[in-house]
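Visitor: Marked as domain 'ATP-grasp' by Swiss-Prot on the basis of sequence analysis: 114-305. As annotated by Swiss-Prot, ATP binding site applies to 143-200, with the evidence given as sequence analysis.
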Amino acid sequence: MAPRKTVGILGGGQLGRMLTHPAALLGIPLLILDSGSYTPAKQTLLPPPPHSHPDGPFTSETHIRKLASACDILTVEIEHVNADVLEAVEKEGLCEVQPSPKTIRLIQNKYDQKKYLAERGVAVAPFEELPANPTEEDFKAIAGRLGLPLMLKAKTLAYDGRGNSPLKSASSEDIQASLKFLGDRPLYAEGWAPFVKEVAVMVVRNKEGEVQSYDAVETIHRESILRVCLTPLRGEKGVNQRARELAEKAVGHLEGAGIFGVEMFLMPDGELLLNEIAPRPHNSGHHTIEACLTSQFENHLRAILSLPLGSTALRVPSAAMVNILGASSTMDAIDKMADNALTVPGAAVHLYGKAESRKARKMGHITVTAESDAELNERLRALLFAQPDAHADWIDLIAPPSPAPAHSHAKPLVGIIMGSDSDLPVMHPATKILEKFGVPYELTITSAHRTPERMVKYAKTAADRGLRAIIAGAGGAAHLPGMVASETSLPVIGVPVKASVLDGVDSLYSIVQMPRGIPCATVGINNSTNAALLAVRILGTSVPALNKATEEYSKALEEEVLAKVDILEEEGWDKYIERLKK
């Protein structure tokens, strides 16, 4: 293998630190420019001989040029760099820069970025530029056009909510308060986006313009700081795929190679609006280290070095990331959260090696993976309740607790549906089987004839909501299982219900006689027990613990029968029959 090119990184924080891990595995020499000899990134990888990691500001022209002279490629772990110097370095042939300095400069100015994307057909919230030194009349005029409330945003040097200020009214008091918060910076205004979720997608782009996206994540903030990410994004109307397509479209209009973090809003009507892009690894992609086949950090290096891009697919069905934030100047709370995470199955701790803690500073993160959303919920709750600012109501919104008995789970794997409440006694045994195996489920009524739109919506959204199998009970014409099977990619198990006439044979024939290409499994009449067992076996193909549990269940059935054989042989069949009559 030919020697790898040397990569220089502007910035030596936690993102640079996490870039060093795949660099070491791939044999990629790194040089890191930042002030200090023991920054988070410099702690974890030695520089290639005879060099040392340069010590100095990553915005300094002198230091950037010195770094460029020792590297083949420069990249960034933070966008607040000197784009002019990077452009000059590349033009002079000192070093290649990725992503393109042109892209970095564009993204540094959030107004220019938004204007550029909007002109290329990327969906964004309405926005307008404010003049330099805006007056109160300027604010009132723009409020009249965009409506109130609106969001005032700094064009540059804004992150973690530090460049945003909501303007709730056009009063002098509110305007002056926003100006004081934002300081003397160029501003623009953005129409209010009453989103239902904040979403992010990581996109990797190579030098040829090929883009690949990771599964979308739901990003959950408190006080404008990212606290939790959940993936894959659950929702209706194929929202995960639509988010990926929007992110790929946006990054496709940029220049240069690397990883990009694309933030967006999911609106009440299902529309997605792009918020902003980061030209670097992003907090909303940290889960990819454990949860994906190739992490965002490795793919960034692959992209800028023209190596084959790695798969962005998830390794696991469900994953989350929890930021570890400083609670004070001491490390006590951080150590407590990290130690607690070591007791949570599927959790991986990443501490950033920062020497000083302060309130709300990002000191590390925890990734947690699971075989299902429900399992992830339980693990996530254990992590969140260990945080110093744990708030039960907030945690319950993110990771709902297990439901009360005989109530639907918030994160079900199996859906149990029936056409009428009269079918409930037949379908009830299925719930007991699923509970026995610890499989989260939901139960509801939807009729193929009386509520056809509800049935279609249920079927079409089932997979996006995280369901992996559907048990459908129906009597008489019994169209429900087949109609649901025609509207979903999930396995559907039909339960023929014995109606008042024909003893359920009509239901059986209706369900079992599906046309080719629309499979619908069918069990015996009124046998929801077997339907649930089949659902568990289906889940067991991807969840080893359930596969083992079904084996133990079958073994218990065998032992039960063998015990009866022993009693029959010991007592004789006459006494055995008398026993059965009691």
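Every residue gets a Cβ built from N, Cα and C, even glycine.
The structure displayed is predicted, hence computed values, not measured ones.
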Visitor: List the residues of the same chain that sit at least 6 positions away from A143 (ATP binding site) in sequence and have their Cβ under 8 Å from its Cβ, in sequence order, or write 'none'.
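Guide: A143 (ATP binding site) has long-range Cβ partners L150, L167, A170, A189.
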Visitor: Near the Cβ of I175 (ATP binding site), how many other Cβ atoms are there if near means within 10 Å?
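Guide: Here the count is 20.
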Visitor: Fewest other C-beta atoms within 10 angstroms of its own C-beta: which of the binding-site residues M151, L167, V199 fits that?
Guide: M151
Visitor: What is the number of other Cβ atoms found within 10 Å of the Cβ of G191 (ATP binding site)?
Guide: 18
Visitor: Which of the three DSSP-derived classes (helix, strand, coil) applies to A143 (ATP binding site)?
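Guide: The three-state answer is helix.
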Visitor: Mean pLDDT for the domain 'ATP-grasp' (114-305), as a whole number?
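Guide: A mean pLDDT of 94 is what the model gives the domain 'ATP-grasp' (114-305).
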Visitor: According to DSSP, folded down to helix, strand and coil, what is I175 (ATP binding site)?
Guide: helix
Visitor: Where does G183 (ATP binding site) sit in DSSP terms: helix, strand, or coil?
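Guide: G183 (ATP binding site) sits in coil per DSSP, no helix or strand.
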